[in-house]
Structure formats: C-alpha cells, structure tokens
C-alpha cells in the first residue's frame, strides 16, 4: 500500500492565536499530526482535547499536547507564544518581554526539529523573526514571519467593501513592517487589471480618491480597535497563518507578503520585512524585487531603519 506523505505541525503557544490556528489547520486538513506546546500544560491539554473531540468531522488528524520532545521531526513549527500588546501599547513596546520568551523556545525547537521551517507569528513579528533567525542558525529561507499577510487581507477586504466587489478580485500588498510604519503599495494595487486609481475613475461616480488616505490608517488601526474591544485578535490571523502553511506544504510557489530576510533588495540589508515573496516547500524562496514608486521605496527604507533601531536597542546579544 502506498502511504501518503504525512505532515507534522507543532504550535508553540496555546493562547487565542495558537489554538485558533490549530482549529483552522484541522479544518483545512493540512496536517496529519498537530502538537500544541505551552508553558501552561493544562491549557495546552484542554485545547488539544477540545479539538480532538471534533475528529469525526474532519480529515484524519492526530491532535495532542506535549512538551518540546513531542515536537520532534516537525515539518513546520509555528511560534505564537509571547506577550501581546495591551490596550494603548504598540507591537514594538513588547520586544524585550518576548525576546526572553524566544530565547527559551527557539533552542528547544531547533534541538528536536533541525530540518523544520519556523513560522513566527508573535509580535513584533518582523523583529522576533529576525531574532529567531539569529537564535536558530537556520538558513534564511526556513525562518519566516507572518509579515503583512493579514494586513494585506484587511486592505483587500476594505477595498472590496469600498468598491462593492469580491475581495478575491482585489490585488494589492501591504509591505514593510507589520505595524505602524507599514506601507500600502498603491503602485501594485489593481482591480480587473486596472490600477486602482483608473478603476476608481472609470467605475465609481464622484471618486475623489480619499480612500487612499483613509484605508491605510484603518488597516493600521484594525488590530488595536479589535484589541480595545475584545482584548485580542485571533480569527483572521489564524486564517493568514493557515494560508502560509498551505503554500509551504503544497509547494505552491505562491506570492505572499511574508516577513523575509532582506539582503540588498531596495538597498536594505540584514532585517526582516514583508514584501511579495515566493513561498514553496523550501520556505521563503525569493523576495520579488518588484518595481514600486519612489515614495514607497523611501518609506520601505524608513520602515527598515525603524526596525533596525529597535533591534539595536533590544537585549539581543
């Protein structure tokens, strides 16, 4: 009998994002084995039990909690553990708190799954992905951040609402930091093959272009608005993570705005930022050096410098 290749995914962190990601992965049937690890072992056990009891409704999957030894030989390790921003805090305010957590997590993950792909979701994601890259010693392709995959989805949704079209027919990217210095790449935004400005003029009556100022701010503030109301975000980010995992496991060569290591692109070096990137079974295969406007390039460089400054001021050795 020919056995289908199995995929093992471990999730470090059984909080709102980690547990919801496990649920999304389970529903999509992307893994044959899912292991949930958390410092709170009772919480991890309860989440795994709750998910496992729905096994009759999904494709065959073994879901369990455990410790790092149970993550051995994972194909992908998703890191969601860490301290999230409280109301009034930004993602960058929590760097050193999460640095200490990652210094305890990453060596254990590397020990048991030296050939895995590491997918960082915890915030500030670009900085923590860089930290994971340094701590792991892995090739850059195998250390990926969730980047602005979620931000890009948020913008697609908002543009779809603005123009009253399906979000899947909106093509756009948020680039740079997953955070306050992120950039909306209007030069890469199109609907039905037309640049968004031309589409606006052609299709919409009284189009004044004000959405180009309003929507980027709404995207930036979306997470803070949700956190202020319910204390955390979990659903959309879990779907974003699941999309990245799907692209990896299915070797899709998909173009996603994951956080990848820059090595000279746009004059930027030695920092993780989000940019349209080819994602396949090897991980983040290639950052696409796509043409963007001069203003977008300048803002991308500024975003990189902000992140580099925070890394330099962190407690990373």
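Heads up, the Cβ atoms here are built off N, Cα and C, so glycines get one too.
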Query = In Swiss-Prot, 38, 43, 68, 82, 83, 104, 121, 122, 123, 146 are given as binding NAD(+), so which of 17, 58, 61 is in that site too?
reply = 17
Query = Out of these binding-site residues, 146, 152, which one has the fewest other C-beta atoms within 10 Å of its own C-beta?
reply = 152
Ask   = What is the biggest Cα to Cα gap, in Å, among 17, 38, 43, 68, 82, 83, 104, 121, 122, 123, 146, the residues listed as binding NAD(+)?
value = 24
Note = Residues near residue 43 (NAD(+) binding site) by Cβ (under 8 Å) yet at least 6 apart in sequence within the same chain, in sequence order, are 14
Request  = Using C-alpha atoms only, work out the spacing between residue 224 (phosphotyrosine) and residue 17 (NAD(+) binding site) and round it to an integer in Å.
outcome  = 15
